[in-house]
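Sharing the record's features from TrEMBL:
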- C:M47, C:G196: substrate binding site (BINDING)
- C:R123, C:T169: ATP binding site (BINDING)
Amino acid sequence: MKEMLDRMAKDLARIRKNKPLIHHITNYVVMNETANATLCIGALPIMAHAKEEVEEMVVAAGALLLNLGTLTPELVDSMILAAKKANELGIPVVLDPVGAGATALRTSASTRLFAETKVDIVRGNIAEICALIGRRAEIKGVEALSDLEGAEEVAKEMSKTKGCTTAITGKIDIVSDGTRIALIENGHSMLRTVSGTGCMATTIVAAFAAAEEDRFLAATGGLIAFGIAGEKAAQISGPRPGTFHVCLYDALAELSEEELLSRARVRFI
Amino acid sequence: MKEMLDRMAKDLARIRKNKPLIHHITNYVVMNETANATLCIGALPIMAHAKEEVEEMVVAAGALLLNLGTLTPELVDSMILAAKKANELGIPVVLDPVGAGATALRTSASTRLFAETKVDIVRGNIAEICALIGRRAEIKGVEALSDLEGAEEVAKEMSKTKGCTTAITGKIDIVSDGTRIALIENGHSMLRTVSGTGCMATTIVAAFAAAEEDRFLAATGGLIAFGIAGEKAAQISGPRPGTFHVCLYDALAELSEEELLSRARVRFI
Amino acid sequence: MKEMLDRMAKDLARIRKNKPLIHHITNYVVMNETANATLCIGALPIMAHAKEEVEEMVVAAGALLLNLGTLTPELVDSMILAAKKANELGIPVVLDPVGAGATALRTSASTRLFAETKVDIVRGNIAEICALIGRRAEIKGVEALSDLEGAEEVAKEMSKTKGCTTAITGKIDIVSDGTRIALIENGHSMLRTVSGTGCMATTIVAAFAAAEEDRFLAATGGLIAFGIAGEKAAQISGPRPGTFHVCLYDALAELSEEELLSRARVRFI
């Protein structure tokens, strides 16, 4: 485990040294927030979604992030084009299936992405991941209402059937590549008081994926880093969500390799 | 009056207990800001505007909010679809006619919404509301330049002719359902220094509408709550708009039922 | 030089007195941020991009700002329509060619804008401006990786061949109208830690252009004002990007004519 954490700390250093470009095709609610999270962790954001330019833009990227919030059919087409080009070039594709299960548009977009392209990492809540493998879960809009029993099994099943690494975030975050499982206890309840923190978590995972070939370690490292930032932010903000939001960026920028090592609360099973 | 305020305080408690979903079809400037305002008052935001999914999404909503900023003809079509479904299901529809009167697109969208669907509550500035009933008012972009004399009459006329509850915000906020009138003196001039605070006010009204069947009380309660939050934020921020913006979220989250009762400055006439 | 600075200070006062409307057709990442920057400097923002309304909306504007981030072909059409109307009415057109050179869509949009309309001021980084005149520069997404030698020559060439005022921002900001050159040393490295600060700089330039007929002075005044605000914000925030972002709005709102005069670090050559 020490070895894996050391590697994640080195990934964080590598992000900051290489400043990989993270190409986002993402929702309009969190464009600014995820761009800033990208900068804070040390990478460079580019937001571009026109079908006329996504294939050209993704060429320079270290990772491609697809986020299904505020989805339209045109955005799905752009995502497919960009993901196919990313697949060709070996650029990792990270999916945030916001609202999968809530509407047919979002569920079918997810299905199409898995059918027509290779998704390397998916990060969602339990309801969204359940929707992707045809299980039912309680959902309200884009919020999963409760952690499901057996989330580890869901993560494993998702990874095996879809050939990807799966990250399910909740009180405890779960990462699986179908074989390995990581359980992450970093994070803070204040993260639920700010819109788009799930999307930001996916952004941090994408930044790690641009620096780390092992998708399982990238997803785990990203979620540990983001969770620690949330804890640090809450220490300063207390229960105030506006202040917490500001402190979250500060904490992401300030996060050191040493802190990642000393504050990680993760078990590998 | 004490009775009505008690009921609004209970509505606030009900929002936080039931966490109603507020479905926004809104402009790209304030998507993040209104999502966060929704969370801070205790409700859950969902932003979804594709015509392919709005009818499906609104089914789970406690209120539907339509905002005409950064409007396109496609968004108007989605709003009509969503509002018709909301009408069918008895879900309150809240309209923010941003820029009505400024361009034909925005004025005609408002007209179409009132003609083809039932709008339960409209919240705008004096110029926007005047535009909806064919009166002229001085406007600059989306900003009304001055409070108009006779705003109470405008609110009444709007409510009677369109069959809705009308909220006109300005130095003094006015709410009318055609019969009753509330005059609200809560609020702060710092609210004018941050983009989208009018849109946030509408969001808070929508959250109250999800918890309160009497539209007049919902609009009044929402504007009192938002106004108090503005006052509290300004006490901390002073004249600094960036800081005020942060404090506004904190104040919304912190607002208690007791504060709503003790700080409300409202007259019913 | 004293004379020119005095004039810029008066322009700042004029912005706050007249509150010109700045019509933005801009990208979805920074809509809220540039709207707030507009308010903080004392002007009024309007974001409107539907081709059905841009010509009607721009009529009331003191300046039109076109920003090529998150571009689509539809947005380009809207920009052309709005710019033609602005040209007719003598309203200054300010272009932010985000990502010019990165994709064909963005480069060709810039080319079309210069071919079909009169752009009064362009504000970009060195890579973007190089792309507009067919020179090559190192670029990564929308970030120029290094200041190019000979940026002054690039600014001059751009201005002469395209008939506009050119502002190239970087460690030192350069403004040229083809004859005059200003070198501005205001600014702070923290500005690179927040997404959209380049776009905000263009917004401040547009506000100055609404108050100052000499485009060269408008661009120079705007960049000095924004640079000073960045310096002041960083004094308070230190290395924390979330806090810096908040303080940047505060500093823009607080910026006085006296500070503009006393803190300006500019040379005219």
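Note that Cβ sites are derived from N, Cα and C of the backbone, with glycine treated the same way.
Computed from a predicted structure; not experimentally measured.
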Can you check which residue among the binding-site residues C:R123, C:T169 has the largest number of Cβ atoms within 10 Å of its own?
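Top count of Cβ atoms within 10 Å goes to C:R123.
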Applying an 8 Å Cβ threshold (strictly under) against chain A, tell me which of the binding-site residues C:M47, C:R123, C:T169 fall inside, in sequence order.
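Going by the Cβ criterion (under 8 Å to chain A), the binding-site residues yield none at all.
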May I ask you to pick out the binding-site residues among C:M47, C:R123, C:T169, C:G196 with a CB closer than 8 angstroms to chain B's CB atoms, ordered by sequence, or 'none' if no residue qualifies?
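So the ones by chain B are C:M47.
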How big is the Cα-to-Cα gap, in Å, between C:G196 (substrate binding site) and C:R123 (ATP binding site)?
13
Take the C-alpha atoms of C:T169 (ATP binding site) and C:M47 (substrate binding site) and report the distance between them in angstrom, rounded.
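Cα-Cα, rounded: 24 Å.
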Rounded to the nearest angstrom, how far is the Cα of C:R123 (ATP binding site) from the Cα of C:M47 (substrate binding site)?
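About 19 Å separates the two Cα atoms.
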